[in-house]
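A quick write-up on the structure given underneath.
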């Protein structure tokens, strides 16, 4: 009734306008107002960021609401994973671990001693010092939870590294397989093949009849080949064997580590570099096999474990150690299920050094080489390389960079190339993020990329641009200029077809996860540039972090809070009628 009384007092024209406006507003859906998040506490925000950076896996979650005794048990399980998976250990798993452990032991036992060098004692002391500081570096990285650093090794880089390492290791085994005495110590393919072809005159026909032993199973192959070499004395016919192995365990070397003097700084530098390289290589290998057996690698635990191993090793006459690609491959192929295979290997190696070292004297190098070759060749994943090529060409470049770096130079260079290319990809994505023009999918309120959906229709008088990245100092200027280029191209196209010019530019900000002061400054410049062209800047769906910063910087007040909408559809709904009226 009140509406009727009001209308009775209005003139005819006013009644038409009012009824038209009411009819129009009744037909329009409700436009949701953009929510303003509550003011964030600085300390809480900093704490949250710190937690997500260093404790993203929430390692303390299992300890919540637990009794003191249970917390002790969980803590011990975190430090010693065997206490966790050991509860479900069974005979079936032990069978695979036993075979794998014995197989790996057969490869670990026949190792060369350190080559004679001048000032051997100083050389050994420097090696032990470097090993000590390599371990300290690794433990420090793990304790401070810097395991996220290994995430710079992409899947593509690991695939390339794995293939390159497999080929490099297989080529290195040609020394033992062909019985070549003078073999290069370099790992690149050119040097290796030069050694092979340069030594072909004594490695072929004379020893050919002794290469008949097939590697049916690694451990059986070692036993059978050792037995036959022993009874036939094949070593007298140029078959290369392990020969003499020094008996006994390593003596303590704690007193040989440099904790002062001129070699301390040198040992520290070498140790830090070697520790980082060893860690990167070990984690790359770990991730390779983790992907095969579908489990996760905890980078922080890997760092602490490797570091502890090297610190203890430096005190027991060991040099820097890391995960072995070849032995890991053999371990995997031999049926390893758990870390028990390493325990078996350790026990066998210890007993061998103390008691049965002479039994391995007649093990032929050729059989050890063939075991390693058969294991690593299967790790070259051609299908994965093809898939990477189909999915992402930049990933393919990273893959090939790692592969050729390992094959033609060294494992370290391959890893360096892989990480460098991964960094370059990240920088390129950050500094040159994607943007897209959006259009309306017919018969919906959905707005999508016009390249992906050619049927998506543009809204007359409105240009909708989506930014697919956070807006930082590194890309803010590019994003502003790219949006203005979109606008210039669209205006040129509209002018050519004699259609109405753009009056509203809507920036879809759903993918914009964050923005810094440079980003806000770029939006201000964009706003001023649009004002000179009589074009209104409208924002759609900025996230909580972004909208909070837009209000804190007063940018929301600059463009007007009525120019910030929950969705693109709401923004278009509000802008389009004004375009029609104009």
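Cβ from N, Cα, C; glycine included.
Per TrEMBL, the features are as follows:
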| type | residues | note |
| --- | --- | --- |
| TRANSMEM | 126-146 | transmembrane segment |
| TRANSMEM | 152-171 | transmembrane segment |
| TRANSMEM | 210-231 | transmembrane segment |
| TRANSMEM | 268-291 | transmembrane segment |
| TRANSMEM | 303-322 | transmembrane segment |
| TRANSMEM | 342-360 | transmembrane segment |
| TRANSMEM | 367-389 | transmembrane segment |
| TRANSMEM | 401-424 | transmembrane segment |
| DOMAIN | 452-575 | domain 'STAS' |
Among the ranges 126-146, 152-171, 268-291, 401-424, the one whose Cβ pairs under 8 Å to the transmembrane segment (303-322) are most numerous: 126-146
Recorded stretch, among 126-146, 268-291, 367-389, 401-424, maximising Cβ pairs under 8 Å relative to the transmembrane segment (152-171): 401-424
The transmembrane segment (401-424) in contact with the transmembrane segment (268-291), cutoff 8 A, at least 3 CB pairs, sep 6+: yes
Chain residues outside the transmembrane segment (126-146) and at least six past its termini with a C-beta under 8 angstroms from it: 54-55, 253, 256-258, 263-264, 266-268, 270-272, 274-276, 278-279, 299-315, 317-321
